[in-house]
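Structure first, then comments.
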């Protein structure tokens, strides 16, 4: 097995888990958050900077790299790590989510998915075996089973068929794998608990080294999301890492850690950064607001980074002038804040006070405010 | 006097000057190139990176900072240096060039220029005294006289009036100055040698600590530009720095150094970087070209920087995917190359072989090819 996972401690107050994930490219305390490097770059940052603001583990997107520059070119560089000069650990998704979310027309068959290129409209096809082969070329430490992430409005019958097909695809991916990369199974089933339980239990029979939860954070309410991770917590095996895909707002991180999640990724912190929303120890800061025009305080007085020296007034000016440096600084800040938050969360688990930590955060920030 | 300038050596082969410029924020060997930080940021880079790829001296644009965020806000930060956290030396232009080039409608009076905001169309006015006052707020080591840069197609009569007015404005600026910032006079006169000579000689009577050459690189041929700097070389005082405004392509740098220029600035290297054109020791590289798709060589094997580790294939991929990191890496490369080039030029002057250096560069790169 190319990865190893141990639960080191369970928070007596919240039940949240503190763990240790050992990979070929680093040992990481869980729970952690992974920045997303869709196109073999975490947008705006160099690998050196990513190292500073991550735990040392990032995510790459199979779909994007398969289409551009192509898996062969990435492979010729020794995989994503050689391509982007990242010496940390790496996880890739299966491409499934993008096949279903980016392409407007697609046809699902037992064999795989026929779909159109999201930009140039050309005909494409991906099977579970294709996904594994591409992910082998990309060379991540942890890879994902090819899955369908069905729209939340689909009927029970559609969902049941989809879950069954995704289970068959998971099995085929496992057979196709020729490397010692750690292949995770992905629990699907929408908001239907019966299907989610079925999906998890069938995957567990296949004995994956880790389990992802897909199909959440796709339009449901936060309460529905938390309810589902809470439901799955006692079902998923205690001694395997659980990865909640596509979730990364500060409140969602805290709530889902309480529900037993070990790993997270999300484009949100880097995406909102590029539009000028900063995540800070004091809460969200929408830097373009006029209130910051003459605010000579630093962006986040509670967090010392290389961004700390700039005033809010200067960063606002950069955004008003559409300057790339503004996006860089806030991207750096947002990831630095999430790294800080996850460190604080792990500390609170160790000290059996994660519920207290959540209450303090609710009091001191605007992250838990209803939208 | 807040700056000091000495000519240390004259190249026996070319007549080019090697000098030393002492400013309140650093001592610099001339000739040098200054990256442009229009909006108090050299586009895409942090101050730490600018330090690495410059001589330690950059340019800020008075017009842009006056309009956004406003001179008062920059002043409240202790000037541009405090605003952008730049601890090196700094030069500002007068705003004149932008008033004349960015605004579509303007009315020139003896008092100053009435014009429209280049984005929101509001009514604005700038006088020579306003320009000095704003530049005092911005706090650069070296500042510029407010000048008109007339379109090259204007008549002799227009040009003569314009040169005379700009001379009167230069005198008014000198009177208005209340700080010990080094105020340069700007030689104008278009492509008319008689007017250029008149402009230079009248400015010299006012005894400025340095002289800028404006109104070149605005549409004339390279030969016309070189001819004019060659013409002005024996006219301008030997013991004062000469600054050729808005010039920065590798061939123009070499040719104008030979014609006695000490200081340069230009947006070109950073602007073309953001569109994917790299300046390297081997010549221009248009990185989006298909030929680089599987080119696993680094961008510039002749120049070791933090960009050296990435392949051309990777950098091309970043541009194909519209990734900001691509713009960052090539911006860094282009400024690093110009810093390297100016270092090589100064070395060649010291060794009395700048003409040989130019011939080698002509042979080994595509920089001197006619367009």
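All residue numbers here begin at 1 and follow the chain in the order shown.
Cβ coordinates come from backbone N, Cα and C, glycine included.
Features of the protein shown, as given by TrEMBL:
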{"type": "DOMAIN", "residues": "A:14-364", "note": "domain 'tRNA-guanine(15) transglycosylase-like'"}
{"type": "ACT_SITE", "residues": "A:93", "note": "active site, proton acceptor"}
{"type": "BINDING", "residues": "A:93, A:94, A:95, A:96, A:97, A:147, A:188, A:215", "note": "substrate binding site"}
{"type": "REGION", "residues": "A:246-252", "note": "region 'RNA binding'"}
{"type": "ACT_SITE", "residues": "A:265", "note": "active site, nucleophile"}
{"type": "REGION", "residues": "A:270-274", "note": "region 'RNA binding'"}
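Features recorded in TrEMBL, as mapped to the structure shown.
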residue : record                       : CB count, 10 Å
A:93    : active site, proton acceptor : 30
A:94    : substrate binding site       : 31
A:95    : substrate binding site       : 24
A:96    : substrate binding site       : 25
A:97    : substrate binding site       : 22
A:147   : substrate binding site       : 32
A:188   : substrate binding site       : 29
A:215   : substrate binding site       : 29
A:265   : active site, nucleophile     : 23
Please report the Cα separation of residue A:93 (active site, proton acceptor) and residue A:188 (substrate binding site) in Å, rounded to an integer.
14
Excluding A:93, A:94, A:95, A:96, A:97, A:147, A:188, A:215, which residues of the same chain place their Cβ within 8 Å of the centroid of the Cβ atoms of the recorded substrate site?
A:99, A:100, A:144, A:145, A:146, A:148, A:149, A:186, A:214, A:245
Work out how many Å separate residue A:215 (substrate binding site) and residue A:265 (active site, nucleophile) at their Cα atoms, rounded off.
13
Cα-Cα distance linking the residue listed as 'active site, nucleophile' and residue A:147 (substrate binding site), given in Å to the nearest integer:
17
Can you see whether DSSP assigns residue A:147 (substrate binding site) to helix, strand or coil?
coil
Residue counts (helix, strand, coil, in that order) that DSSP gives for the region 'RNA binding' (A:246-252):
3 helix, 0 strand, 4 coil
Compute all pairwise C-alpha distances among A:93, A:94, A:95, A:96, A:97, A:147, A:188, A:215, the residues listed as binding substrate, and give the largest one in whole angstrom.
15
Provide the three-state secondary structure of residue A:97 (substrate binding site) computed with DSSP.
helix
Suppose you look only at the region 'RNA binding' (A:270-274); what would the mean pLDDT be?
98
As a quick check of your reading of DSSP, tell me how many residues in the region 'RNA binding' (A:270-274) are helical, how many are strand and how many are coil.
5 helix, 0 strand, 0 coil
Between residue A:265 (active site, nucleophile) and residue A:97 (substrate binding site), what C-alpha distance do you get in Å?
14
